[in-house]
Amino acid sequence: MRLLHVNSNGSFELTRDLSEDKLPEYPYAILSHTWLTGDEKEVTFSDMMLGIAESKPESFAKIKFCGEQAAKDNLRYFWVDTCCIDKANSSELQEAITSMFSWYQNAEKCYTYLADVSVTAVREKPESKIDHSHSDVAWEPAFRRSKWFTRGWTLQELLAPKSVEFFSIEGTRLGDRNSLEQCIHEITGIPHRALQGEDLSNFSVADRLSWSEEKRHTKRREDMAYSLFGILGVIMPIMYGEGANALVRLRQEIDKKDEINEKLEESLSALPSASLAAFNSTSNQHKPTCLPGTRSELLRHIEGWIDGDDDSCIYWLNGIAGTGKSTVAQTIAMTYHNRRSLGASFFFSRGGGDVGNATRLITTLARQLADGIPATKRNICKAAMEQKDIATKSFQDQWDHLILRPLSKLKSRSPPSTMVIVMDALDECESQRDIGILLKVMTSARLLKNVRLRIFITSRPELWIRYDIGRIPEAEREVFVLHDISQKLVDKDLSLFFEDNFSTFREGRNIRPADWPGTRIIKRLVEISSGLFIWASIACRYICEGRMFAKRRVDVLINGYRSGEGPEKQLDQIYTTVLRDSIQQDYNAEEKKVLYQVLRQVLGSIVVLSSPLSMESLAKLLDMDLGDIQETLADLHTIFIIPSQTSLPIRLHHPTFRDFLLNKDRCSDLDFWVNEKQAHAALADGCIRIMSEQLKADMCGLKQPGALLKDVDQRQIEQCISPELQYACLYWVQHYQLSGMLVSDDDQVHVFLQKHYLHWLETITLMGKSSEMGAIIRLYHSILVPTENVRQLPWAKDVRRFFFAFQSIIKEAPLQTYCAALAFIPPNNELKHHFRHEMHPWIQDIRIVEGTAKAKDEFNYVNDLAFTPDSKRVASGSNPPVARLWDIATKRAVCQFEGPMDKISSVSISPDGTAIAGGSDDFTVMAWDIKTRAVRYTLKAHSGWVNSVAFSSNGKLLLTASMDKTVAIWDAVTGQELKRFDNQSSEVNSATFSPDSSLVATGAVDQNIRLWDISKGDTEVLHIKLDGHQGPINSVRFSPNGKHVVSGSDDMTIKIWDINSGTEFMTLKGHTRKVMAVTFSADASLVVSGSEDRTIRVWDATSGAQLQLLQGHTSGINAVVFSPNGRLLASGSFDDEVHLWNTKTWAAHGKLEDFDDDEADSSSDTSPVPQPLLHLAVPSSNTDRHIHSLLEKEEESDSASMTDSLDSRMWESARLSQPPTPAPVIKSRGHLGEVTCLVFSPSGRILASGSQDTTIKLWRRDGVEHRKLIGHSGAITHLAFSPDSQTLASASADHTARLWSSETGALLHTLADHSSAVLGVLFSPNSQLLASWSATDTSILLWNTTTGAVAAHITGHTDTITDMAFSPDSTLVASASADTTVLLWDTTTHTQRTLSGDASRVISVAFSPDGELLITGSADQYATIRLWTIRTGAPCGVPIRSDAPRLNCVSVSPDKTLLALCSTDETARLWDLETQSLKSLLKAGVEIRKVAFSTTNTINNQQLLETDRGVLDVNSFSSSSSSSVLPVSVPPADALFVTKNWVTRDMENVLRLPEEYLAKVVATSGEVVVMGHESGGLSFVYLRRSDEDTI
């Protein structure tokens, strides 16, 4: 950008071209004007450079005006578009046009020079007195008619600058955009908000376009599009000469931008959010704010802190229960919301569901920031899109990524703008450890320089919060103790509170006297309240709800007061009073007993609920009459917020009632006291009952298996999934855990899961809570006890495996629970067979043939590793309940040690190498003799999962540590328990001995490392606690010299600690996911870490430098250990693999072989040969006959209603039927390398597959291997069947092509005249010839298929062959080449013609079905298609130039009216050959490399396209003039197609493909889709015909 300035002699001079980062050093003004008629009259860049600007006086006057006005405004520089841009330089012109909006936006002033507005005859009139509703200003009519308002370019000049001033031709100031706003609005129709400077992105594209359409014009048609770049936020290449096409391209760019914006919005909406967290949410909106005149001093103090400029970014307002903290928080939130400075708010509430924990805190704050402060929205959306799994990351990562970084990108202001975050009732957060992390994380708000971010927090002064706040440097926090406010001020505020409430009550009830209950009574009530606003609030409600008994209730409160008792006792007393008042006294003893029981049941349930429920839902959950609940709560409005509508949730007025009711010491009247465990038990049982009654497949009637959750109407979900069912699905496990009940095999929980697990998973996903499912399943697993759950524990493991394998797919499309998840789960998972009958009715069957390189189940992980002392063997714990031993030299399995009932989480080998110990999730520890494999002893060691076992260095002691929060020391020889101690009530993930065995280090879930001194005999002493991680500790190890401890954590960091000082020595950062394992090298010079990010990192233990990054695992790392001799590092991963690494070179040293006998062979799906789940054609069971009769009855009914109802009945019948007895299975295996090609024979009976492993396999249609063809020595590159299906041709990287008998598999001929890899083979339609071409040859070989001899050698091209085709009558061969030509070879005369005309490589060639036309496509900047007349070789019409980018393939329809072209942008386009225009397009979702109109395969006379990814129905393409899909009378049955991620039917998603089953190649035939995978495996998918869905 160049600027003008006045030089020393008074002339104008241009600056050098300034880069964007230099512009702030040159504040400038900018001119807006209309160009003179005839552009040559304007001063140009060239005129300025030649010094002849004054030769154009009319234009020069505008420049002079701008310079003089800038000088008046103390601006040295200014910019004028006519002369500051070198329009002769195309790149500079491009940059100027695309940057114009920002240039105007960054200008200090914009002067609008109106050459057609004069003020010569205007009398002076103060601008402030202009009334723009009347034309009483002489220049106003001219202003309204000004040409400036009709020009396209001036729209951005009006809206972009911060200041726009209008001047007449005489240079007289008329006003600015603010003072003339109403007039400008009337002229342009632009909304006031836009004229006031609101971000244009807040207006829809349609709105912004409407400001220019039909109102503004440009001299060149292209400029109408280019002038809108800044307004629409679009950039595209400038192409003068394209005319109206610029607007077409602009619309395409807008559509792309809309797609991006939609994705950004989706990313934001995908962030988990607690909808009831905000201060003004439905659950918080009625919370009181401070009355005028109360809390004045405190509020001034808080506001002073917020507006201050120090580093104190956190304000902690603490006070005991009931002192009014939430009221202050509500007031602050409301105040700064009204000032537009509230960034976000989160009001915690225990038992409030999502607002009861911190899981969604930061993501909720981010969404509120984005919605409430528009300037932050795009930055936060981008952040969410960049890291889609951010909600699963640590609080530190979430805070940095979603809050700090987006805020840091806001424009700086002086002084910085203030933004407030309010967090109320932090003590109500259910996880204490989360609080400490959050407080530490949020102190980084002080680092923001462009925004003053203040975080206001309230809580009770709980010990752990005081501790965490105390760790924040004093300069970064402000602390205010609410109950330390002088009693006089508190009493004054309480008096005002009572008076305000009683005043309202008096007016409403017309109570006399006018000052009732009088100053003396109010003073007495203030005294009784003991400074508690919650007591005052309850008292007021209790009194006022008494109505005619209000005066009596005042007396009750005053007379019941006992002086000398503390605030808590006063609170307990008033709660007891309210409860007793709710029980009518005219019942007999037996009736009262029942009343108390009902009261306890209802109140107990309400206070222990994990999320509020309505009376209706509570009644269903407790299996009670709604009237009974209404009657029970009728007189308890004092304690509960009870809506008049029974469908709305009941809430506590204050959490102190929960504290009171569940505490036997406080609730002294045992008629009211609630046994918390019993309350949880009742709710747990109610949850199971509700789910068993209401859950079913396809809860919301979506029907389509590919229906995306984001497209499902929330109202439909709420209608189909009742609130009580939603509650039950989320919290049933939690209630069982808190009830303390034992879950046993075959009980209602076990039965529920065996029947409804899939329905539960689907429903949780529909609710948008799939992110919580993992924690729920883990919690369920943790409450199982091995002795009571022999059958349920394996089931729980399979449930976890099922969910974790497919959660990402199910989260996207809930009904894939019954499709992809059931199809692709390994056969050794019991759920695959147990729920087989639940397969979605659109899917008939699926058969998976695994390749040797099959991806492993990540749940089947290696848990721990240990070397023998001689470094010759290594042992591991694993998910199968065995410890395993390998030989290092051979890398082969040696043996395994059996006995536990659940996975072995940890292993250790004794120092003498004779024993191995393993700790199991069945709570036991076993020790085996390594030589004999005999069990030495079994220890019932713990009451929770045993996560660590370790031998002491002298081999005398055995250490065990568990999730039961204890550590135990055992005699390693006898197994006798020597010592047990509590790990300060925190679950232990990892534990180890120090080298001298005097210390034990534990790494715990509470993020702390503890060093225990066990050398003091029978007692243990906490030596030191190391606190610094921000996530659970997964691994701890001592250094060999015992001076340091290394730890790895969920927070993705590794820390090294100094044991003597107890301080953090170093933090190592680099991993991008949880650090699961750490270890020291034998000389303590290195630290090695393994992470869920699939990497192993080697660090210098002294400097902290990362020395090596080891990659090779395909799954997360769960264990790392050095061999005792230091030569090797072993690493174990989640997918059950152990890798070895050479520690000198850090090169991979190999992988240990698999233990195939750990579990059932999973290499091949053992499902029966594909058969329909429901045999519709020939009923063979009661279920089938039932369905058959249903179908017969429906034949006469309306097809539309039939479609609506039948799917669900088919599904229900299938679900209720017993799984069919599996038929005998012939096991098949896939290839040893990636599948490179697939093709069905024309008859559809045989499928051929080729692989990188050099083999070809022939398969029956049912997925059973028929033949294996061996002969090639290189990868198979292409396969083709002869038209009569008798012969298969193969092309290979071994430079040969081969012909095989498809019936016998015999090799017929080897075709070996190529000099490089053969890329393609093609049979002539009469099967007599085979064409082949190779990678580097520029020629084609024609072979006689009978003799195998060369029939012809086609030469003439000078570059690579890109495509070829036979004419329908087999007489011509057309070849396309990178040399830009096409050759036509006559197979009968052996003559050839050359067709040329393209300027770039020809990519595709195809004959019309009648053989009269040849269609070629070339790789120009945009696809160019040419049609040639075969008879003459002449072009047929003009070339067709599509807007598609690089072309892949073309085809013409049988009637020669349509052209299909597919390109690299993953679209297929249909071109109307008669009108030479785009008819319709389809976003295929994958690149199509081969396409042809079908001449045989049609559906109801519809045209089909056969592609290398399946079949497309032309009717599924959308019109180029409308986004609607063309009507389909009958859904096609055979249009099966595979996108990148989906198997589709008529482009409707059916089956989502997991990552390891993405299709490299595809073949379809009728209702069968076959996919070849990178692993060498194949998937056979059998879909029901669409007419079967609606028979």
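Every residue gets a Cβ built from N, Cα and C, even glycine.
A mean pLDDT of 86 is what the model gives for the domain 'Heterokaryon incompatibility' (28-157). The domain 'Heterokaryon incompatibility' annotation in TrEMBL covers 28-157.
As annotated by TrEMBL, domain 'Nephrocystin 3-like N-terminal' applies to 293-460.
What TrEMBL lists as region 'Disordered' is 1155-1178 (among others).
What TrEMBL records for 1191-1228 (among others) is region 'Disordered'.
Per TrEMBL, the feature repeat 'WD' maps to 897-938 (among others).
Per DSSP, the secondary structure of the repeat 'WD' (939-980) breaks down as 0 helix, 23 strand, 19 coil. What TrEMBL lists as repeat 'WD' is 939-980 (among others).
Within the same chain, residues 433, 436-437, 944, 947-948, 950-954, 956-957, 959-967, 969, 1029-1038, 1040-1042, 1045, 1047, 1049, 1051, 1057, 1059 sit at least 6 positions outside the repeat 'WD' (981-1022) and bring their C-beta atoms closer than 8 Å to a C-beta of that stretch. Residues or ranges marked as repeat 'WD' by TrEMBL: 981-1022 (among others).
Sequence-remote contacts of a segment are chain residues at least 6 beyond its ends whose Cβ falls under 8 Å from one of its Cβ atoms, and for the repeat 'WD' (1026-1067) they are 394-397, 437, 440-441, 989-996, 999, 1001-1011, 1073-1080, 1082-1084, 1087, 1089-1091, 1099, 1101, 1104. Positions annotated as repeat 'WD' by TrEMBL: 1026-1067 (among others).
TrEMBL lists 1068-1109 (among others) with the feature repeat 'WD'.
Here TrEMBL flags 1110-1145 (among others) as repeat 'WD'. The residues of the repeat 'WD' (1110-1145), classed with DSSP into helix (H, G, I), strand (E, B) and coil, number 0 helix, 19 strand, 17 coil.
As annotated by TrEMBL, repeat 'WD' applies to 1228-1259 (among others).
Per TrEMBL, repeat 'WD' is recorded for 1269-1310 (among others). For the repeat 'WD' (1269-1310), residue counts in helix, strand and coil come to 0 helix, 22 strand, 20 coil, using DSSP.
The repeat 'WD' feature in TrEMBL is assigned to 1311-1353 (among others).
Taken from TrEMBL, the feature repeat 'WD' applies to 1354-1395 (among others). Residue counts of the repeat 'WD' (1354-1395) by helix, strand and coil are 0 helix, 23 strand, 19 coil (DSSP-based).
Sequence-distant contacts of the repeat 'WD' (1395-1425) (same chain, at least 6 residues past either end, Cβ-Cβ under 8 Å): 1359, 1362-1369, 1372, 1374-1384, 1431, 1433, 1435-1436, 1439-1454, 1456, 1459, 1461, 1463, 1471, 1492-1493, 1495. Per TrEMBL, repeat 'WD' is recorded for 1395-1425 (among others).
Taken from TrEMBL, the feature repeat 'WD' applies to 1440-1481 (among others). Residues 248, 252, 1363, 1403-1404, 1406, 1408-1410, 1412-1413, 1415-1427, 1487-1493, 1495, 1503, 1505, 1507, 1512, 1514, 1517-1520, 1526 of the same chain lie 6 or more positions beyond the ends of the repeat 'WD' (1440-1481) yet place their CB under 8 Å from a CB of it.
In the repeat 'WD' (1311-1353), helix, strand and coil residues by DSSP number 0 helix, 22 strand, 21 coil. Sequence-distant contacts of the repeat 'WD' (897-938), counting only residues of its own chain at least 6 positions beyond either end whose CB sits under 8 Å from a CB of the stretch, comprise 785-786, 790, 793, 797, 863-870, 875-885, 944-951, 953-955, 958, 960, 962, 964, 970, 972, 974-975. The helix, strand and coil residue counts that DSSP assigns across the repeat 'WD' (1228-1259) are 0 helix, 16 strand, 16 coil.
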